[in-house]
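Visitor: The structure follows.
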Amino acid sequence: MKLLIIEDSGSLRRSLRVGLTNLGFAVDETGDGSQGLSMAMTGEYELVILDIMLPSIDGITVLQTIRTKQLDTKVLILSAKQEPEDRVLGLLTGADDYLTKPFSFDELHARLLNLMRRGGLKMVSDIIVIDNLALNLQLKLLKVSDNVIDLTPNEYKIVECLFSNQNKVFSAEKLSTYLAGQYDLISKNSIEAHLSSARKKVRVAGGELPIQTKRGFGYIVQGQ
């Protein structure tokens with residue numbers, strides 16, 4: 001499930017990205033209205049979380065353009081504009097839902113799930129399948145065909161991060177933050193060791209871990 005966040009607050013944007021990625025969404029984000037519109041117009045996103053007050057192009061204009069082009073994209077407005085006339089304008093312009101700030105993350109998640117049900121969308125990324133590998137994000141396990149691979153927590157987290165963010169390069173530093181948090185560091189050599197161990201375990205079970213190394217940049221899983 002691909003989701004786009006268009007929100008000018010960097011801290012909120014990052015918080016949403018982390019929370020939604022952990023729930024199995026594939027998340028892209030931007031803080032600029034013009035760039036967000038260009039990204040949304042590709043048609044590759046099932047869901048868009050859209051702020052109204054944005055630089056370059058406001059959220060209502062972004063929404064109008066999306067609806068003019070008749071894209072079948074679910075749009076949830078997430079805005080500090082709380083007046084009834086603001087909510088009415090957003091919904092009449094074509095928003096599928098409108099949530100005001102401040103908000104609870106659990107409510108946002110529930111509203112997104114409701115939009116998915118209404119649109120016939122399925123959270124297929126609860127299980128990410130690549131060739132004969134299946135990563136179950138709920139059970140936190142990796143299978144090769146029907147064989148469960150005994151990954152360590154750090155090995156699993158590396159695989160989960162890269163499988164959930166296909167076509168994105170993650171540097172060793174970004175993976176370190178994903179694994180250990182902002183204030184702990186895991187060396188590049190340790191990440192290489194975790195990857196090497198995971199590759200061997202998958203290979204023994206008859207699979208091949210599709211994590212590529214882009215020398216000088218980091219690691220990536222190319223999407224199907």
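In case you wondered, yes, glycine gets a Cβ from its N, Cα and C as well.
These came from TrEMBL, pasted as-is:
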type     : residues : note
DNA_BIND : 125-223  : DNA-binding region
DOMAIN   : 2-116    : domain 'Response regulatory'
DOMAIN   : 125-223  : domain 'OmpR/PhoB-type'
MOD_RES  : Asp51    : 4-aspartylphosphate
Visitor: In sequence order, what residues of the same chain, 6+ apart, have a Cβ less than 8 Å from the Cβ of Asp51 (4-aspartylphosphate)?
Guide: Ile6, Glu7, Asp8, Ser9, Gly59, Ile77, Leu78, Ser79
Visitor: What is the three-state DSSP composition of the DNA-binding region (125-223), stated as helix, strand and coil residue counts?
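Guide: Tallied per class, the DNA-binding region (125-223) gives 40 helix, 24 strand, 35 coil.
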